[in-house]
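What follows is one structure encoded as structure tokens, with my remarks underneath.
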Ligand code: SIN
Ligand code: FE2
């Protein structure tokens, strides 16, 4: 029987998908937080606007970034670091809104990592064409805590490899509201984002926003 075009077909993707030992995708996990989350983010990025950081190799990143929390991740020609001060404003980063803390802790808990209390939330902004090359998140002192990564806006292809740079990454579509959590045996797995496809999101327009929460120390 042909499906009725107007019937709710629903999300065929599983709500929870284990992609490696210690790594899980939680589809739509953000939905109950969304109404509070988006306005809270707007306040943060007004106080600490997005900027394109320069890598230690001298390249301007295609992804624009900012942070909230007691420290923020920054890159400049001298290297990568966590800094309590936003170098653009000379002021501390905006505080991490309570709704973000709750969302990150709940997602970590759901993925099997209880008591997650991140100090840093890196906020990435991708416009079509922007990408993030394969890398490890290893500027933190504490690898015991997972990385919690929230996707908003346009869909992206998330690349998730292994412990070695040469491990061929698998590709996962991340949509608005999806969460990826990786920790334990996959905490140092290489990951990245393929060039963002053109599009227009009903709520956020022509961009993808990604939040990654890290316990730094
Ligand atoms: C990151 O690795 O920092 C971001 C990943 C993503 O944008 O999904
Ligand atoms: Fe990362």
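Placed from the backbone N, Cα and C atoms, the Cβ positions cover glycine too.
Taken from TrEMBL, the feature substrate binding site covers 73, 80, 81, 82, 139, 165. According to DSSP, residue 73 (substrate binding site) sits within a strand segment. For residue 73 (substrate binding site), other Cβ atoms within 10 Å of its Cβ number 25.
The 2-oxoglutarate binding site annotation in TrEMBL covers 124, 125, 126, 208, 209, 210, 211, 212, 213, 214. Residue 126 (2-oxoglutarate binding site) has a Cβ environment of 22 other Cβ atoms inside 10 Å.
Look at TrEMBL and you will find 135, 137, 191 tagged as Fe cation binding site. Residue 135 (Fe cation binding site) falls within a strand segment according to DSSP.
Residue counts of the domain 'Fe2OG dioxygenase' (117-217) by helix, strand and coil are 3 helix, 44 strand, 54 coil (DSSP-based). The domain 'Fe2OG dioxygenase' annotation in TrEMBL covers 117-217.
If you look up TrEMBL, you'll see 143-163 marked as transmembrane segment.
Listed in sequence order, the residues 134, 136, 138, 147, 189, 190, 192 complete the 8 Å Cβ shell around the Fe cation site centroid, once 135, 137, 191 themselves are left out. Distant neighbours of the transmembrane segment (143-163): 19-20, 22-23, 30, 37-38, 103-104, 107-108, 111, 113, 116, 118, 126, 128, 134, 137, 169-184, 187-194, 196-197, 199-201, 203-215; these residues of the same chain sit at least 6 beyond its ends, with a Cβ under 8 Å from one of its Cβ atoms.
When the binding-site residues 82, 126, 137, 165, 209 are checked against ligand 2, 137 have a Cβ within less than 6 Å of one of its atoms.
Checking the binding-site residues 73, 124, 165 for a CB within less than 6 Å of any atom of ligand 1 leaves 124, listed in sequence order. In this structure, the CA atom of residue 165 (substrate binding site) is 23 Å away from the CA atom of residue 126 (2-oxoglutarate binding site).
Among the binding-site residues 73, 135, 137, 191, the residue whose Cα lies closest in space to that of residue 124 (2-oxoglutarate binding site) is 73.
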